[in-house]
Each structure stands twice: as structure tokens, then as C-alpha cells.
């Protein structure tokens, strides 16, 4: 069964019926411990049986929300491209809806997952281009911007979760090699936090040196309050932690160099890592001049960036200038019930704080669920002011049950 792919946004016909069906189900939130345990003792057939349904549920939940975006955004070429990618992937996975779990079917499924992963490799950049096209064509009103911000947080954390399922399955039960023999899929049961911090710092420093011809140094302090004197390790997805640290180091270095100048002695970036009974806490402190509270609120907005817009000829690093670095990093932190936030002192510097669950059984996926509440948040019009002045938000933390 194949559906027509004529600019499917909003999705129509038989595809819409399947979306309606699968969006009635809530996604199954897994813990890192569950991922780890299944990777060690699960079978390819059981993983296939779970994934062929769960991927359709997660896709359907977010695709239904996609149809509620402002019509002007859905008409942008890049947005249409993304909607078509999702429709095509949903169709591809529907082919396995009623199939058995024979080794031949599992092998075909693995091949299809690889195709889907490659198809969605540039979803973030392409969706960002859609927003740029919208701004350049007609602008965005405040009500639409709030709805878009709400959707994109959910859309990207949904994408993180889907890629986690796919990569974990393909590494454990497919032909994709793990990063190291110790890894269970994408998960490191004993992730060396200090090593990830240094890798992220050195790579960010390389970019800073190449662009500014100088860079600040780092002072790192580690404190293990659980096993005193021992190195800090946790069960984690190292690539997620690296993504967050690399982004925060880039921001701290850029702010430090631009505030103090390339000819001055640059103050160190100070990093504190503490492992407690419940949390792994990381704080990155720079003396890059900080930002005002007005700007601080906007740093998580997908339609705002402190950098110039990226060139469209591919000469700049992906995401540079899109304004996606911080909001995406926050989603990586929140994905397993952690968090990321900034505290800034204008005229001095900024502290960036990351919290991750130190206990893997408590690190549950935070997943968007298509519901009456999500429909209302995506479609509500301008709100009548009930304060004399704008009241700053409290970090826009996701609701927890």
C-alpha cells in the first residue's frame, strides 16, 4: 500500500486515517535502564515487534500536530519537504504493520530503518529554512510564533526519541558498530564524564582558534559526592552529553573572545562537575560579558539568534546562525528528565547549568502526546493581557505527571 506524495501537508486520504488510528495511542516512555537491559538480554525479534508499532505511534502523534501549524508555514517549500519526508517514512514503516518477526523480515526492517535515518538526517536544518522562508515572505505574528515555538520543542524532542529507538536497534541488532565494545547500543554503561567534557572543549577550541586565532583555556573541577575520590561516570548516551557541552563551550568561547578582544589575556572558562545521589550537575562559567534578562529569555527561541543568518551555500557549519544550538541542547538534557538553563549577569558573564539523572532507572523519556491540550496550545489565538507588563517565564519546563 502506497499513498500519494503530492505535497502532503496537511496529510490526506488513507494516510490521514492511519495517522488518526495510531495517534490515539500514547508513546511508551522508556528509561535508560530499560534501554540498557533490553540491549543486553533482548532479541532482535522482540525489538522488531516493539519498534514496528512504537515508531508508528511516535510518528503519528507528532505528524498530527504538524497539521495544526500556521497554514503559511506549511506552504513554505522547506516545510513541505519535511512533511513529505515524514509521510514517506510513515508509509515505509506501515509496510511492516502486519508482518511476522522472521529473520528475513527483521533484516528488511533494519534496511528500511537505515533509509529512514538517512532521509531524516537534515530535518533540523530544513525546518529552520522553512522558518527563514516564512520570515522573508510575510513575517510571523506573536500568536503564531508562540505556537511554532511550542510545536518545535515537541517536534525535535520527538525526533530525538525516534532516532534513539532506531539507532539503539540498529547497533544492538543490526550491522552498525558501537562506539566501543563497552557500549550497549548508543548507551555507555560507564560514561566517563571528564573525557566527554575534554573532547567537547578541545573541538570547540579548535573552531574558536580557527575563527578568532585565539581561545580561552579551561579550568575543570570534579567532585564525586557518591564515591569520593573516584572518577565520575554515569549511564548515559555520550553523544547527547557531547552535543550539549560542545554547544555551551562554543557559546562561552565566542562571548569571551568578543567581549575581551583577541589581543587581551582571556579569562578561563571554569567548569564544575558534581555527581550526587540523584543528579549529575555540570556548570560552565564564563566571563564573556553576559546578556540582559531581555535577551536571555529569547535565547531559547527558534526564531532568534545572536549570530548572523547562515549563508545558503553550505560554507558555514550546520546550525550556525539558525538559533537552534541552545534550544536543541536543552531538549537533549530534558529528553531523559534532565534540564539545562542559563544564569547571566549583564556586564560580567554567564553560567550554563546542566542537570542529568544519575540513576538510570529514574531517567525516563519525556515524549510529546497528541491531545486536546496540545491542539489548544497550537491553535489558540492572541491572549488578552492579564498583567500590566510581561512576566518572565520560569524556564518553560515540561509538565511532569
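From the backbone N, Cα and C atoms, a Cβ is placed for every residue, glycine too.
Annotation source Swiss-Prot lists domain 'Histidine kinase' at 131-360, citing sequence analysis. Residues annotated as ATP binding site in Swiss-Prot, with similarity to another entry given as evidence: 247-254, 286, 305-306, 321-326.
Looking at 247, 250, 253, 325, the binding-site residues in this record, the fewest other C-beta atoms within 10 angstroms of the C-beta turn up around 250. Each residue in the domain 'Histidine kinase' (131-360) has a pLDDT score, and their mean in this model is 92. DSSP assigns residue 247 (ATP binding site) to a helix in the three-state reduction.
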